[in-house]
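Feature annotations, courtesy of Swiss-Prot:
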type     : residues : note
TOPO_DOM : 1-147    : topological domain 'Cytoplasmic'
REGION   : 1-48     : region 'Disordered'
REGION   : 66-112   : region 'Disordered'
COMPBIAS : 88-106   : compositional bias 'Basic and acidic residues'
TRANSMEM : 148-172  : transmembrane segment
TOPO_DOM : 173-530  : topological domain 'Lumenal'
CARBOHYD : Asn216   : N-linked glycosylation site
CARBOHYD : Asn315   : N-linked glycosylation site
Amino acid sequence: MRRLWGAARKPSGAGWEKEWAEAPQEAPGAWSGRLGPGRSGRKGRAVPGWASWPAHLALAARPARHLGGAGQGPRPLHSGTAPFHSRASGERQRRLEPQLQHESRCRSSTPADAWRAEAALPVRAMGAPWGSPTAAAGGRRGWRRGRGLPWTVCVLAAAGLTCTALITYACWGQLPPLPWASPTPSRPVGVLLWWEPFGGRDSAPRPPPDCRLRFNISGCRLLTDRASYGEAQAVLFHHRDLVKGPPDWPPPWGIQAHTAEEVDLRVLDYEEAAAAAEALATSSPRPPGQRWVWMNFESPSHSPGLRSLASNLFNWTLSYRADSDVFVPYGYLYPRSHPGDPPSGLAPPLSRKQGLVAWVVSHWDERQARVRYYHQLSQHVTVDVFGRGGPGQPVPEIGLLHTVARYKFYLAFENSQHLDYITEKLWRNALLAGAVPVVLGPDRANYERFVPRGAFIHVDDFPSASSLASYLLFLDRNPAVYRRYFHWRRSYAVHITSFWDEPWCRVCQAVQRAGDRPKSIRNLASWFER
């Protein structure tokens, strides 16, 4: 009969290995967290090198945390200790006492008594470890008496369910939407880019990208010739180009397509011209099924003319916001297909990091929160500033990424604080360059939807800039603690969005998936400014 372990025991010299081998083993994952020596991990079983029970229960009390993008996101940085089982040892001992009683009943010489004793056994709880006393008593005893499935079948079934759960967990939306391959449509989807972003009204159109080659999106026909307007299933408008004088909307509503009696072309005020064009837009239908897509990657603080856009003018939104119709962030983390491969981006050894804090800023404005916080932080720790304006110095010839890689920390300070507004300052300048980002933007919870919580430092975590400076100096003196901010690289890699090719292809992908569902944006400004 299998030996039951009741009272707590200590290792009996060199014989504890034999006792451990004879004891019923728990399933993988039922126990974890090897932290310290000399404590029993379970009543009746002495486990050398396991954590003490106070630490065990303290870690067990930590709530599980998850991330999301568009509601979900990357999994948080693994802390190095797996979750502990939530039951204390006293409760486990109380669960063993009925087991002893049931086994004594099974020794009855009467078959009927034995059957009643078998029926009185507690039912194994769903999800209980297969090697637990409940499973051993219920599952194995039933097999020996010809009741139930063979033990090998049970083990194989449990292994199959475990593999299925792990695959589902790994594949379920832990990251913002990635450019997965789309089914090839019956006919290519045409997407017309009305203005070249930041290129000016008279700039030559760029060659369209190959969506299949670059982003694994097939069935796209990217258009730049406005003569193909009637063939496009979607037309992409960049918001910044809407504010450059009277907008030349597509026909039949374009201002230049009407006489001066209909629209006064002398009016150069953007809001009045846009309102006039939108009034014309309601007079004639668009091509059937065509979607107008509003595209913007600036924050509401730097997006003029939002409130001048009439209701129902656009059908979709494309932006960094996770609740956009077409969500295209500045960057994201994706699971590494081969964990043994070197991490993406730059990760120079600590011996090559000669500086402490770096900051690259292109637009210096004393009114911005990031500049005010810099002045406070620079009083307690040295910050090397690169870029135009303020105390900035030119970026060295080796380039921005290699310059930042020489520093331990990078100030990923956004020019304004809005929902989901997390730009290349985090993804490219810090994470890809191999520096720990110190972020100032939306709150920490917003960042944790897209980035592991142990991959960055938020200014809101500290009551003052001096406290943050003290913590940065502490990490500088403790390399082992500093390296923890790079543990996420073992599981994830950084993707930097390719502007403007990737948004173009992502609109094509969205059209393929949307079907014929109609939609229009009733109040664009109220949605984007919240």
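Using N, Cα and C of the backbone, Cβ positions are placed for all residues, glycine too.
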Taken over the topological domain 'Lumenal' (173-530), the model's mean pLDDT: 85
Entry from the glycosylation sites list Asn216, Asn315 having the most other CB atoms no farther than 10 A: Asn315
Asn216 (N-linked glycosylation site) and Asn315 (N-linked glycosylation site), distance between Cα atoms, whole Å: 25
